[in-house]
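*Asks:* The structure follows.
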Amino acid sequence: MSKRDYYEVLSVGRDASEREIKKAYKRLAMKFHPDRNPGDKAAETSFKEVKEAYEILTDSDKKAAYDQFGHAGVDPNRGGGGFGGNADFGDVFGDVFGDIFGGGRRGGGQRQAARGSDLRYNLELSLEEAVKGLTKELRIPTLAHCDTCDGSGAKKGTSPTTCGTCHGQGQVQMRQGFFAVQQACPTCHGRGKIIKDPCNSCHGEGRVEKSKTLSVKIPAGVDNGDRIRLSGEGEAGEFGAPPGDLYVQVSVREHAIFVRDGNNLYCEVPISFGKAALGGEIEVPTLDGKVNLKIPAETQTGRMFRMRGKGVKSVRSHAVGDLLCKVVMETPVKLNERQKELLREFDETLAGSSSKKHSPKAEGFFDGVKKFFQDLNS
């Protein structure tokens, strides 16, 4: 049977701290401890499940492998790069309290075969891929429907029989003091069926481990944290039950030039002192190629220019963001003597009473400093 997501087992988020994980473990371990639930096989199973989840999520190496590859990353018998493992996005509480209160969502009738687990695949994209969209081939390790037994778990020509202990319910009732509690049937392990002659291919599970390749269309404009759901592409369900879903989790690598914020892109463009003072045109990179940007005379370093429609097209609407270019004036380096002399001459022309009109910000700054010291000494 497929394992539940470890974070779900402990009822914590994927960003939970080690302290939060330990706190959740202590609470659940106390709840399901065998000493507090004598003879309760369901509680014993839950206790083992909680303990296993805790051991994985508090070991930094195992946790990193699990976060990247899911159960495949911590199970030596399974593997698959980029694969995110089981991630059951269903109702946590139905699973936790189901055995105690008569099967939770399953109701009081015959035990239904479990739906397949949801899967998660971590997909890393470049900024260009995320902005423009593309089709990706993904190789997914999963549990697939066994073709040999057609998912029944029984050898061809035979069929599962109804469990005589629970009469197909998958649960038995036990009394603990004043309370009557239900737990998984110890004979059929909650399945409601007994397979006397199991299939040689799946060993009675009705599912086999396989890898499948999917062609997934990534829409233009996706961003970090976006999740694409592929219905029915998760693990096969138990004994013919519906399959789970596949969730493709998108992350976008940092770009060497651009920073994305929503649908807008930001970049810094270096300009020379002469270009900033006299104005002119500069080349600016965009995701569609270079474009010219007109710089007015007397442009100060840090000024932001907006190029409308040069950002990212929204994945959820027809809106297109802008490209915001911040110009940064560079101080020239490795000057020869002639260049230094010219700069000295230029600097001298700015000195004196006329310097204020050439450096309005400097004038305001030094006037403020002068007033500060006057107030300090008064």
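Count begins at 1; order follows the chain as displayed.
Placed from the backbone N, Cα and C atoms, the Cβ positions cover glycine too.
Swiss-Prot lists C146, C149, C199, C202 with the feature Zn(2+) 1 binding site, giving sequence analysis as the kind of evidence. The Zn(2+) 2 binding site feature in Swiss-Prot is assigned to C163, C166, C185, C188; the stated evidence is sequence analysis. Annotated domain 'J' per Swiss-Prot: 5-70, in sequence order. What Swiss-Prot lists as repeat 'CXXCXGXG motif' is 146-153, 163-170, 185-192, 199-206. Annotation source Swiss-Prot lists zinc finger at 133-211, citing sequence analysis.
Situate these features within the shown structure.
*Replies:* Annotation note: C202 (Zn(2+) 1 binding site) sits in a coil segment as assigned by DSSP.
Annotation note: C185 (Zn(2+) 2 binding site) sits in a coil segment as assigned by DSSP. Taking a C-beta cut-off of under 8 angstroms and a sequence separation of 6 or more, C185 (Zn(2+) 2 binding site) has the following same-chain neighbours: C163, T165, C166, Q169, G170, Q171, V172, R191, G192.
For the domain 'J' (5-70), residue counts in helix, strand and coil come to 46 helix, 0 strand, 20 coil, using DSSP.
On the 0 to 100 pLDDT scale, the repeat 'CXXCXGXG motif' (146-153) averages 91 in this prediction.
Each residue in the repeat 'CXXCXGXG motif' (163-170) gets a DSSP state, and the totals come to 0 helix, 0 strand, 8 coil.
Note on the repeat 'CXXCXGXG motif' (199-206): residues 1, 145-149, 151-156, 236, 238-240 of its chain, located 6 or more positions outside it, place their CB under 8 angstroms from a CB of the stretch.
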*Asks:* Round to the nearest Å and give the CA-to-CA distance linking C188 (Zn(2+) 2 binding site) with C202 (Zn(2+) 1 binding site).
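*Replies:* Distance (Cα to Cα, whole Å): 17 Å.
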*Asks:* Other than C146, C149, C199, C202, which residues of the chain come within 8 Å of the Zn(2+) 1 site, judged by Cβ distance to the Cβ centroid of those residues?
*Replies:* D147, T148, D150, G151, S152, G153, A154, P198, N200, S201, H203, G204, E205, G206, R207, V208
*Asks:* Hey, what's the Cβ neighbour count for C199 (Zn(2+) 1 binding site) at 10 Å?
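*Replies:* Within a 10 Å radius of the Cβ of C199 (Zn(2+) 1 binding site) lie 22 other Cβ atoms.
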*Asks:* Under 8 Å between C-beta atoms and at least six apart in sequence, can you list the same-chain neighbours of C149 (Zn(2+) 1 binding site), or say none if there are none?
*Replies:* K155, K156, C199, S201, C202, G206
*Asks:* Using a Cβ-Cβ cut-off under 8 angstroms and a sequence gap of six or more, which residues of the chain neighbour C146 (Zn(2+) 1 binding site)?
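*Replies:* Non-local contacts for C146 (Zn(2+) 1 binding site): G153, C199, S201, C202, E205, G206, R207, V208.
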